[in-house]
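Colleague: First the structure, which I've put down as structure tokens, then a few questions once you've had a look.
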Amino acid sequence: MFRSKRSGLVRRLWRSRVIPERDGGDGNGQSSERNATAVTAEGQRMAQPRRAQEGEGRPVRCCLFAERPGPELPPPPPPPPPGGASPPGPGGGEARSRLVLLERELKAVTYALLKRLKERSLHSLLQAVESRGGTPGGCVLVARGELRLGAARRPPPHLLLGKLFRWPDLQHPAELKALCECQSFGAADGPTVCCNPYHFSRLCGPESPPPPYSRLSPNDEQKPLDLSDSTLSYTETEATNSPNVTPGEFSDASTSPDAVKRSHWCNVAYWEHRTRVGRLYTVYEQSVSIFYDLPQGNGFCLGQLNLENRSETVRRTRSKIGYGILLSKEPDGVWAYNRSEHPIFVNSPTLDIPNCRTLIVRKVMPGYSIKVFDYEKSCLLQHTAELDYADGPYDPNSVRISFAKGWGPCYSRQFITSCPCWLEILLSNNR
């Protein structure tokens with residue numbers, strides 16, 4: 001009997017799910033996109049002999065059903081007497097059986113959701129999952145109603161697929177933020193919701209450091225960074241007239257005749273250490289992708305910027321930029337979404353401690369987004385803050401983002417100009 005094409009797409013999606021390396025995660029809140037492994041059925045079969053040698057077998061734990069009550073397990077057997085053999089205990093077998101049951105339930109509810117989708121939506125979803133967001137695809141809209149899993153748990157569709165394909169430790173829809181290009185953006189109460197997991201990012205709280213920044217030094221979570229390098233802040237004029245600017249050839253759609261008629265909301269400068277590479281990239285659209293290599297899409301391609309005699313450190317860092325970031329202008333401020341597979345580091349006037357001689361650098365893990373500039377807070381700071389605390393030039397509308405490499409007291413690089421590859425976002429006052 002022939003299987004339908006839709007059934008084949010559903011099976012491919014199920015085999016592309018993310019399986020955590022550790023049961024329940026590592027507890028540090030780190031992005032599961034770095035700590036999880038996307039496996040296929042073939043990969044699982046190849047891993048079976050090795051798992052059999054590991055004793056416990058490391059079964060997959062389904063986070064979706066973690067809170068669902070199950071049968072009570074018997075107490076662990078007493079330890080074996082010294083020199084005696086360990087008696088067989090039923091507890092381990094029952095625990096593994098329960099995990100297998102939970103995995104089957106997860107598969108059943110996933111299939112139930114995916115079989116609702118049309119073939120075109122399944123293609124779009126599979127394209128996004130297999131490219132890991134390089135080709136995000138279109139919106140995959142489903143009714144906002146929740147899926148029924150017995151009487152214990154009813155996850156929304158976008159939460160289910162977000163856990164399945166990106167973040168196994170995801171617990172609540174409030175942790176997700178729809179990207180500005182998604183139809184679910186700004187439509188929290190709409191009748192439908194997009195369930196494409198690559199149309200969402202995880203939120204970094206503005207008042208707490210993004211995970212896992214505390215892993216570097218628990219005592220330094222709120223420790224501000226020293227701003228004693230007068231080259232840290234540049235105005236747009238200074239950046240344009242910088243003697244270290246090097247020419248670069250790249251496609252710049254922002255200079256088209258139609259774009260010139262509109263007002264821009266920011267300029268982007270790309271730096272390697274103290275040298276600016278290429279010209280300013282002017283942004284007119286609501287969002288812009290800044291990347292090294294992207295399978296589909298347009299924006300500011302850093303891979304096309306040429307510079308002679310690049311150091312090996314810069315070359316290695318450039319190779320880590322990958323899909324880069326998505327920078328978007330939204331009603332409440334400017335947001336940065338980390339699309340790459342490595343962390344980015346952000347400094348912004350609205351992330352700093354007011355009236356302080358130091359600044360704060362935020363570490364943003366892959367798959368997370370952060371509000372890098374808050375319009376309301378910026379207006380408040382410019383009316384109340386004293387600028388005497390700044391050492392050297394200070395631009396209240398400038399944001400700095402370093403790829404893969406941080407700076408400050410936790411690193412050997414004390415200043416942003418010591419980072420191999422970084423961006424300066426020069427925001428326009430005309431909002």
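Quick reminder: no glycine exception, Cβ is built from N, Cα and C everywhere.
Dumping what Swiss-Prot says about this protein:
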BINDING   Cys139, Cys182, Cys194, His199  Zn(2+) binding site
COMPBIAS  1-15  compositional bias 'Basic residues'
COMPBIAS  29-38  compositional bias 'Polar residues'
COMPBIAS  71-90  compositional bias 'Pro residues'
COMPBIAS  235-245  compositional bias 'Polar residues'
DOMAIN    85-209  domain 'MH1'
DOMAIN    265-431  domain 'MH2'
REGION    1-95  region 'Disordered'
REGION    235-258  region 'Disordered'
Colleague: Within the chain of Cys182 (Zn(2+) binding site), which residues six or more apart in sequence place their C-beta under 8 angstroms from its C-beta?
Modeller: Cys139, Cys194, Asn196, His199, Phe200
Colleague: To test your reading of the Zn(2+) site: which residues beyond Cys139, Cys182, Cys194, His199, same chain only, put their Cβ within 8 Å of the Cβ centroid of those residues?
Modeller: Gly138, Val140, Leu141, Ala178, Leu179, Glu181, Gln183, Ser184, Phe185, Cys195, Asn196, Phe200
Colleague: Helix, strand or coil for Cys182 (Zn(2+) binding site)? Use DSSP.
Modeller: coil
Colleague: Could you tally the C-beta atoms, other than its own, that fall within 10 angstroms of the C-beta of Cys194 (Zn(2+) binding site)?
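Modeller: For Cys194 (Zn(2+) binding site), the 10 Å Cβ neighbour count is 23.
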Colleague: By a simple count, how many Cβ atoms lie within 10 Å of the Cβ of Cys139 (Zn(2+) binding site), its own Cβ left out?
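Modeller: Counting Cβ neighbours of Cys139 (Zn(2+) binding site) within 10 Å gives 19.
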Colleague: By DSSP, how many residues in the domain 'MH1' (85-209) are helix, how many strand, and how many coil?
Modeller: 52 helix, 15 strand, 58 coil
Colleague: State the count of C-beta atoms found within 10 angstroms of the C-beta of His199 (Zn(2+) binding site), not counting that atom itself.
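Modeller: Taking all protein chains shown, His199 (Zn(2+) binding site) has 25 Cβ neighbours within 10 Å.
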